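Asks: According to TrEMBL, the feature transmembrane segment maps to B:26-43, B:55-73, B:80-98, B:104-126, B:133-150, B:170-192, B:223-246, B:302-318.
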Amino acid sequence: MATTPVDDVRPAALAAVGLAKSFGAVQALRDVSLTFPAGQVTGLLGENGAGKSTLIRLCSGQMRPDRGRLLLDGAEVSFATPLEAIAAGVVVVNQEPLLIGELTIADNLFLYDLGERPGYGRARRSENVQRARALLDRLRMADYLPDPSTLCRDLSAASRQMVDIVRALSRQPKVLFLDEPNSSLTREESERLFAVMNRLRDEGVAVVLVSHRLAEVYSIVDNVIVLRDGTFVAAGPPDEIDQERAVALMAGERKRAVVAEVMADRAEATAQAEAALELDGLTGDGFAGVDLTVHRGEIVGMAGLVGAGRTEIAEAVVGLRRVSGGRIRVGGRPVRIPNPGRAQRLGIAYVAEERRTEVFHEQSVGYNLTVRILSSLGRLGSVSPGRAGRAARDLARRFGVKAASIEAPITSLSGGNQQKVLLARALAAKPEVLILDEPTRGVDVGTKAEIYATLRELAHGEGLAVWFISSELEEIVELADRVVVIRRGQVTLDAPNNAGPNPIVAAAMGATEG
Amino acid sequence: MSTTTAHTPERTWKGRALSAVKRQEAGLLGVIIVLGLLVTLANDNFLSKDNLYNVLQTVVVVGIIAVGQTFVLIAKEIDLSVGSVLALSAVSAGAAYGNGVNPWLAMAIGIGVGALSGFAVGSVVVLGRVSSFIVTLGMLSIARGLTQLITGGLPQTMPSELSFIGQGRVLGGIPVSVIIFLVLVILGQLLLTRTVFGLRVTAVGDNDAAARTSGIPVGRTRILTFVLIGTLAGVAGIVFSTQVGVAEAQAGLGYELDVIAAAVIGGASLSGGRGSIIGAFLGACLLGVLRNAFILLALSPFLQQLSIGLVIVLAALFDQWRQGNLRHFSLGNLRQRLANRTNA
């Protein structure tokens, strides 16, 4: 059992022993054992998908573990619901605050009353406002929020987050999980939050902080735990695991050797190719001043944290999102792209992140393959069933879609095969530029390899410009010719993909490199 | 207290006036008053006491059910069956009385039937996870069918002991049904804003996940809103049938549309979480005043139907503007779009 090396004076408020959880074939957490000591702030670090959120859900009754035990103050506990966990003192502040917009701050602070008191009871709304003021005064957080009688729907994102935090504190937690609590806070607001965390530590609460702002995490934690691929990697005080080491631990070192070979020969190959898509200072909601060039025959991998603005940039380029500044050039010509139809006519194909929203669920494989090129499959708006069928079978064969027939319902296909259908659909219109958002999410290893091979063949063989967004570091390192990292809506790295994962992680997390 | 004022948004009179106008209730009241003034200019009978009572009396039945519909809409559900349930309740009461049941007990049976059908709908919606649109569409037909089975198509005589409900007047001419309506509106508003149940309904419709993690019994709350609207449809059935003295199988046909219109005009959101009982009351009144105006001004009834449709759409647009969802139509925005177009 790997435990946190703590000076043993401090009791472990919450300990996990051999926790495991899988979703279908994906093992989200395997045999994780760790402790969150009382009276300390613990930073829980890991990349997207490392298992942090799953761990928090298992600890707080939002999910039941497949295996393993939880010990609270040394006694074994098991939470069937979040409410049981909260009653025991394990409270979570989520990244997305769970608030009722049509109720006041005060009503939201005491929302649990609505569950605990009988339905015929009086709502005590004016008392709630008084109690809220008293609570805020007691926590010395009165000037962090507008008056408690304000409706929550009128609050800024930061204030909404603060309401959720105050509500968590009002439950007198023994263990407090903060999952990306400051992602929507300004620097000043973050500092206030950290002051509150410091106070809780002094009161003996075990505070667990998940945040991708490494520098900030390191300014407050007493203790760091690193997860990777659902396993416990390391734990220790910050002077033992410094930022650089943490980044290396998160990224993993096993892939380095393999990757180095692949990279050597890909560095300069694309330098002379002509630009297929150029972004010049592109600015919009969620990103600013983005410069990016995708050359013909090149695969550009865009890395960054979830929420960094990568999807927003892609959506702006294909006309799903408004652009407020900057320029887009396709094949050297400046263009405006007000809607996805225009993007398609300019030769830009896009496969969005969410497969669920991209697939026509009630329709056949064939329909899903040909839906974007229907107008070319007949005359005067008619669609020739014969030509549509041939086109669909052609596409299915070219992209290795494994389906009983093209008449089979799309839902009969595995996730990986559905992804191939989407890829084939995007390529059916013979685009010049292909933009992919998380092209292999939830896809099995074999299909992943096939998709990579197809993309390489298209780019390096046929000169297609490919730009893909991925949160899987290994995917970026393996597939990209060039890496672009986005952090908080801005490009922080644009380099050939030959330096391994560490600079990518550092650029994505904004770690101070030293 | 003083510490909390630091971040309170600015409260200028201008801001207050704007936020008052932006409340659906105030806007509605203004529309009703303006409409009333216009009608009075053309026909000064409008402001007579008798005519005003008359207007209120015509909106009582729709208005009572609109109180319930508002709860259902806030919980992010919808009830299309209310017209049929109204008839079923009225006919049940009439049939019970016809079979020798005490008139008050007959009334209780009628209302109970409404509550029961609401409970049935709510249970199927919550336990069967079927959309309430479908379940209540089914109930619309089921309740109407049951009504015809009970009556065999013949009107049921209502007990004369109860006729004061529909026809009586108290305190110098105020119709009893209007008083029942007003009392239900006030009770409804208190239930929505001043009780644990009311806030639960708002929480469930606004943010299901937050409600669940706060330990709010989400399913039970939803079922109760259907029981509430069923009960109110029952009450409306009694009021309606005692107004005319008989319970007919065709009573309340098509009322669901007026009921939903009243609630939506009053500010209820079909996407849940938001609505006002006072608003629904005013919405019902606006529909009544419009109908009345057409009668007083002797205008074509076809025009009446058209204008009611317009009011519904305008109210929904006003609501969108109020929510700030129409910013893409702002002048600055349009200007920028034009500029973009000429540049490109």
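Heads up, the Cβ atoms here are built off N, Cα and C, so glycines get one too.
Distances, neighbours, how buried they are, the whole picture for these features please.
Replies: Non-local neighbours of the transmembrane segment (B:80-98) in the same chain are 61, 65, 68-69, 105-107, 109-111, 113-114, 117-118, 121, 133, 136-144, 146-147, 150-151, 155-159, 229-230, 233-234, 236-238, 240-241, 246-256, 259-260; each lies 6+ residues outside the stretch with a CB under 8 Å from one of its CB atoms.
Within its own chain, the transmembrane segment (B:133-150) is flanked in space by residues 78-81, 83-85, 87-88, 91-92, 95, 117, 120-121, 124-125, 156, 249, 256, which lie at least six positions past its ends and keep a Cβ under 8 Å from the stretch.
Here the transmembrane segment (B:170-192) has Cβ contacts under 8 Å with residues 49-50, 53, 56-57, 59-60, 63-64, 67-68, 70-71, 74, 164, 198, 201-202, 232, 235, 239, 243, 275-278, 280-281 of the same chain, all six or more residues outside its ends.
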Asks: To the transmembrane segment (B:104-126), which of B:26-43, B:223-246, B:302-318 is linked by the most Cβ pairs under 8 Å?
Replies: B:223-246
Asks: Mind checking which residues reach the transmembrane segment (B:223-246)? Cβ under 8 Å, same chain, six or more beyond either end.
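Replies: Contacts of the transmembrane segment (B:223-246) (Cβ under 8 Å, skipping residues fewer than 6 from its ends): 57, 60-62, 64-65, 67-69, 71-72, 74-75, 77, 79, 82, 85-90, 93-94, 107, 110-119, 121-123, 125-126, 132, 155-158, 160, 162-167, 177, 180, 184, 197, 201, 252.
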Asks: What else in the chain is close to the transmembrane segment (B:26-43), if you only count residues 6 or more beyond its ends and a Cβ gap under 8 Å?
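Replies: Sequence-distant neighbours of the transmembrane segment (B:26-43): 20, 265-267, 279, 282-283, 285-286, 289-290, 292-293, 296-297, 315, 318, 322.
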Asks: Are there residues at least six beyond either end of the transmembrane segment (B:55-73) with Cβ under 8 Å to its Cβ atoms? List them, or say none.
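Replies: Counting only partners 6 or more residues beyond its ends, the transmembrane segment (B:55-73) has Cβ contacts under 8 Å with 79, 82, 86, 132, 175, 177-178, 180-181, 184-185, 188, 191-192, 201, 205, 225-226, 228-233, 235-236, 239-240, 243, 252, 255, 258-260, 262-264, 266, 268-270, 272, 275-277, 279-281, 283-285, 287-289, 291-292.
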Asks: Excluding the flanking five residues on each side, which residues at least 6 beyond the ends of the transmembrane segment (B:302-318) place their CB within less than 8 Å of a CB in that stretch?
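Replies: For the transmembrane segment (B:302-318), the sequence-distant neighbours (Cβ-Cβ under 8 Å, at least 6 residues beyond its ends) are 24, 27-28, 261, 264-265, 283, 286-287, 290-291, 294, 326.
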